[in-house]
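Below is one structure, written out as structure tokens; the observations come after it.
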């Protein structure tokens with residue numbers, strides 16, 4: 001009985017929120033492809049949320065099959081003339097088409113139409129993230145604190161560099177910081193990376209070089225996280241904690257900035273993994289995302305929505321990676337075609353697709369292994 005209850009709790013607490021969030025993000029991504037493709041005159045034969053066998057679906061008057069499929073780990077739009085869901089052209093089928101039919105295929109469309117259709121998916125994810133953040137800022141506002149130091153931890157990077165209580169941080173690496181959160185965000189994704197902090201002290205600006213210390217922290221759910229710290233603390237007196245509200249236009253602007261922060265943070269995160277500043281076991285896959293979805297669900301709908309915005313940016317960036325089978329790989333092919341004046345040969349594209357598929361599968365296996373290790377570790 002306990003096993004059944006535990007399994008039911010895992011299903012409703014983790015899997016269901018994960019599937020709902022992921023399905024929404026996949027739907028928006030694929031809808032971007034579909035709408036721009038339709039605007040460009042490219043026919044779609046299938047729009048699927050999930051992979052594998054169809055569970056339920058219908059065919060619209062345009063001949064597009066809309067369906068939910070059995071494996072809820074992605075989705076696809078299959079365009080007229082495509083061999084598979086990765087938008088690889090069916091060369092044998094294309095040879096039997098009329099000129100009018102070929103013009104309705106992805107491969108037969110003008111180069112700019114193909115590029116616009118492929119890029120529309122990731123762009124839709126970025127737009128969704130901006131809108132989500134804008135709504136959250138518009139409804140809830142945010143708590144901020146001034147970047148003024150109340151305490152410097154002993155033997156910390158800040159202490160070694162000469163930071164003192166009362167100092168106001170005005171910039172890091174020449175980039176202005178307006179709040180203490182700006183400092184935490186910038187430093188947190190740069191463990192072991194030399195930075196220059198500009199502080200204001202008695203009306204004078206001082207540039208203090210330091211290296212954030214890599215440290216492992218534990219969040220409220222017990223998850224271990226690696227981040228950089230410099231060892232400064234603020235408080236109510238020094239930081240002037242306060243709640244601010246945003247007008248609709250200000251909320252949208254904050255949504256754009258927040259999305260930019262997520263993009264920058266993601267690139268720095270990847271760079272830290274590649275350079276070894278962060279351990280590779282920090283890379284998570286579907287199990288860890290499902291776990292995060294369930295944990296956020298316990299904090300309320302706003303936390304789940306915020307997670308959806310972050311994941312939407314991640315999906316957009318992932319799909320823009322220059323790897324064949326992903327949107328970014330197709331865009332690279334189109335760029336090469338624009339430069340050469342003709343597309344890559346079918347053989348070269350086939351080899352690239354196979355290499356890309358192996359890379360994606362390898363990354364998924366590695367990330368899933370990290371997920372399992374973190375659960376049993």
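Backbone N, Cα and C define each Cβ position, glycine as well.
Looking at 276-298, 299-321, the range tied to transmembrane segment in Swiss-Prot is 299-321. Neighbour list (residue 29 (Zn(2+) binding site), Cβ cut-off 8 Å, at least 6 residues apart, same chain): 75, 121, 122, 124, 125, 315, 316, 319. Averaged across the domain 'PDZ' (129-202), the predicted model reaches a pLDDT of 94. For the transmembrane segment (118-140), same-chain residues at least 6 beyond its ends with a Cβ under 8 Å from one of its own Cβ atoms are 25, 28-33, 35-37, 87, 246, 248, 250-252, 254-256, 258-259, 262, 302, 305-306, 308-310, 312-313, 315-317, 319-320, 327, 330-331, 334.
Of all the recorded positions listed here (30, 33), it is 30 whose C-beta has the fewest other C-beta atoms within 10 angstroms. Secondary structure of the domain 'PDZ' (129-202), assigned with DSSP and counted as helix (H, G, I), strand (E, B) and coil, comes to 26 helix, 20 strand, 28 coil.
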